[in-house]
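J.: The structure under discussion is supplied below as structure tokens; questions concerning it will follow.
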Amino acid sequence: FKGGDTCEYLLSSGRFLGEKVWQPHSCMMHKYKNSEAKNCLIDKRIVFIGDSRIRQLFYSFIKLINPQVKEEGNKHGNIPFEDKSASIKVDFLWYPEVNGSMRQRIKSWTEGSVAKPHIIVAGAATWSIKIHNGSNEGLTQYKINITSIAPLLEKLAKSSDVYWVLQDPVYEDMLSESRKMITNEKIDAYNEAAVRILNSSSRNSKAKVKLFSVSKLIAQETIMKSADGLHLPESSRDTNAMILMNVYCNKIMKPIDGSCCQPQPPLTLIQKLAFCFFTLSIIGYLIISLIHRNNFRKNKACTDLESGEEKKPAISAPNVSTLEMVLHSFCKLGLIMTYFYLCDRANLFMKENKFYTHSSFFIPIVYILVLGVFYTENTKETKVLNREQTDEWKGWMQLVILIYHISGASTFLPVYMHIRVLVAAYLFQTGYGHFSYFWIKGDFGVYRVCQVLFRLNFLVVVLCIVMDRPYQFYYFVPLVTVWFMVIYATLAIWPQIVQKKASGNCLWHLGLLLKLICLLACIYFLSYSQSAFEKVFSFWPLSKCFELNGNVYEWWFRWKLDRYVVFHGMLFAFIYLALQKHQMISEGKGDPLFSNRVSNGLLFISVLSFLIYSIWASSCKNKTECNELHPSVSVVQILAFILIRNIPGYVRSVYSSFFAWFGKISLELFICQYHIWLAADTKGILVLIPGYPMFNILVSTFIFVCVAHEISQITNDLAQIVVPKDNSTLLKRLLCIAGFFSGLLLFSVTQEQSRH
């Protein structure tokens, strides 16, 4: 818990996750593409000066800029590299010893007439050990020479980034006879001298020569794979080059998944206003609580001194006012949002990269499955997709999705495709649930719409303000919000067809089917016309809700991925409710839905479809190919699950209360994971307790689930106050909400202009 400078951690400590993935201590490393590297290093000059080990690092570095570069040219000479498209110059200067020649070259950069490199990477020692045959005289001379260049490097560090690469260990058994004198003991002595001498005259200065010591740790794990015992294998050199790129470029490019060397982002005006609001809420709640407590004490029963009898208080307990409830809710929310900010915006807690292994995904899945089965109870009703069953369905799906995210399982294509079906199943339930409500109740009032929109969006709106993220960043909430409005519009637009009206005349059923066909035609058109879709959602201020990184492509991609499944949910609800109305299915306790023959046939087809889908998902070559077919085939798996879960009467009559509990807070779990369970906006993992990964997961998970549950309660409490049933009061509240969002929009526009 040293805090502060993650650059120091990046350059000095870390560990391997698996064989090739390097994890710096406390922060996340971004994997730079060549286009990103060019954007970062545009108009820059970088110099690598040293021996053959530095030459290897030079080649790995320039391959990040241009992967086509080949390791050619004079090995014992200078090697230039230039990328004219980005005006980047990278030079390797052959100075295998720390001596007068190296000093003279470094001194030339300190003189005003010569342009200084923006980045200098230097290091050498093995040649000194070899030439002096590992003698103490060689070490003494090395100390004298490095002492003479140290002030020059420190002077350069005031205007350039200067890195001194400490010497990697060797694999002594593989060294050739001419290199046998290069021992790890000698290397340690030379490194110790460099560490002691460099920065000795500027220990309190911010401008220092940065010691690149992490390479030693990497070499300790990988030097056995070296071809000659001296030079690192290519994968290790590439890791070192990527570390260098992160050290310099993260503060410039600010990648989401590169938390190393990134300064804490400054508070925006909107964040400052939110902080003031929550602070005032906490103060207001404390004041009201103190006033109520004092009033309650005054009204307590007191002894009548004359009669010796107790007088009863005028009131038994203080009544909780609406204002107090609002302030109490925002007081709790303010504390929770502070925790969100500290976890994922302040550099207070550590963050680490994800690393996928089959065991990290499948073992927790088995564990929660056992827990879910253990907490089995009887349902209150035995209808298809009853409330307890849908809560259970949401719960186990949410837990699987959480494990999928924290284990980094998106890199394993078969798991990715099965998780896509679970996300589609959520949207299927959106179509099924809202269609069923409007069809049965016929309630198209503003109150119902506002209640649903508030419960879906409250947390996300608060997070957009506190965490300074666009609405589309939390893509699932915009998705279910838009689909809810589509369902509402489809059924509310004239003619309004509901079950009560349709039961009197079968033609109304036909009218509803025509509405659904029109909806399907619109979905089909928009999915194959990206330009039309973008025009619909690019109008200001609507574009503010759906843009991410300056365009609506991400929104189009997310919508298109599950474009038909909500329609399928609506159609399933219509067919199921029609069958139920005409008593064509049996929903009694313990009874199968259909006759035994039909039930067995449907169960066999359902199980077979699961197996076929799993085989197909495993044989997919890439995500693009799989995603093209996903919208058409996902509904088959969803229907198969519904049939397996509901056809046998004994299965339909029980549910897992464990999964159902999580299902009731599934939306909050999905959103909260972005910042207080995962980190760096889901790209990494939050580390509250470093060095103990299992204990860390247990603690962070406990806090995460408690916070999600608390936010669910806060949302429900505020929904009753903000969205009242009285229409005139509701209209006033809606005008206030419209004013709030207008102000928020104005502030965000002002904020963007100030950034540009």
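Here the Cβ of each residue, glycine as well, is placed from N, Cα and C on the backbone.
Straight from TrEMBL, here's the annotation block:
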{"type": "DOMAIN", "residues": "22-92", "note": "domain 'NXPE C-terminal'"}
{"type": "DOMAIN", "residues": "253-734", "note": "domain 'Cas1p 10 TM acyl transferase'"}
{"type": "TRANSMEM", "residues": "269-291", "note": "transmembrane segment"}
{"type": "TRANSMEM", "residues": "355-375", "note": "transmembrane segment"}
{"type": "TRANSMEM", "residues": "395-416", "note": "transmembrane segment"}
{"type": "TRANSMEM", "residues": "423-440", "note": "transmembrane segment"}
{"type": "TRANSMEM", "residues": "446-466", "note": "transmembrane segment"}
{"type": "TRANSMEM", "residues": "473-495", "note": "transmembrane segment"}
{"type": "TRANSMEM", "residues": "507-526", "note": "transmembrane segment"}
{"type": "TRANSMEM", "residues": "561-579", "note": "transmembrane segment"}
{"type": "TRANSMEM", "residues": "599-617", "note": "transmembrane segment"}
{"type": "TRANSMEM", "residues": "659-680", "note": "transmembrane segment"}
{"type": "TRANSMEM", "residues": "692-711", "note": "transmembrane segment"}
{"type": "TRANSMEM", "residues": "731-750", "note": "transmembrane segment"}
J.: Please indicate, using numbers and ranges, the residues of the same chain that are 6 or more beyond the transmembrane segment (269-291) and have a C-beta under 8 Å from a C-beta there.
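T.: Non-local partners: 321, 323-324, 327-328, 330-331, 333-335, 337-338, 465-466, 468, 744, 747-748, 750-751.
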J.: Sort out the residues at least 6 away from either end of the transmembrane segment (507-526), same chain, that have Cβ-Cβ distances under 8 Å to it, and list them.
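T.: Non-local partners: 486, 490-491, 493, 495, 497, 501, 532-533, 536, 563-564, 567, 570-571, 574, 578.
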J.: Among 423-440, 446-466, 473-495, 692-711, point out the range having the most Cβ pairs under 8 angstroms from the transmembrane segment (731-750).
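T.: Selected stretch: 446-466, with the most Cβ pairs under 8 Å.
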J.: Going by DSSP assignments with H, G and I as helix and E and B as strand, what are the residue counts for the domain 'NXPE C-terminal' (22-92)?
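T.: Summed by class, the stretch gives 22 helix, 19 strand, 30 coil.
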J.: Looking only at the recorded stretches 395-416, 423-440, 473-495, 659-680, which one has the largest tally of CB-CB distances under 8 Å to the transmembrane segment (599-617)?
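T.: Looking only at 395-416, 423-440, 473-495, 659-680, the most contacts with the transmembrane segment (599-617) come from 395-416.
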J.: Could you tell me what the rest of the chain brings near the transmembrane segment (355-375), counting residues at least six beyond its ends with Cβ under 8 Å?
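T.: Non-local partners: 17-18, 21, 23, 396, 399-400, 403-404, 407-409, 411-412, 415, 656-659.
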J.: Can you name the far-off residues of the same chain, 6+ from the ends of the transmembrane segment (561-579), with a Cβ under 8 Å from a Cβ of it?
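T.: Residues 384-385, 420, 423-425, 427-433, 435-436, 439-440, 479, 483, 486-487, 490, 499, 509, 512-513, 516, 519-520, 523, 526-527, 585, 627, 630-632, 634-635, 638-639, 642 contact the transmembrane segment (561-579) from elsewhere in the chain.
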J.: For the transmembrane segment (659-680), I need the partner stretch with the highest count of C-beta pairs below 8 angstroms, choosing only from 395-416, 423-440, 446-466, 473-495.
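T.: The stretch I would name here is 395-416.
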J.: Between 395-416, 446-466, 473-495, who has the most Cβ pairs under 8 Å to the transmembrane segment (423-440)?
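T.: Between the candidates 395-416, 446-466, 473-495, the best contact partner of the transmembrane segment (423-440) is 473-495.
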J.: For the transmembrane segment (395-416), give me same-chain residues lying six or more residues beyond its boundaries with a C-beta closer than 8 angstroms to one of its C-beta atoms, as numbers and ranges.
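T.: Counting only partners 6 or more residues beyond its ends, the transmembrane segment (395-416) has Cβ contacts under 8 Å with 354-358, 360-361, 364-365, 368-369, 372, 422-423, 425-426, 614, 617-618, 620, 622-623, 626, 656, 658-664, 666, 669-670, 673, 677-678, 682, 685, 697.
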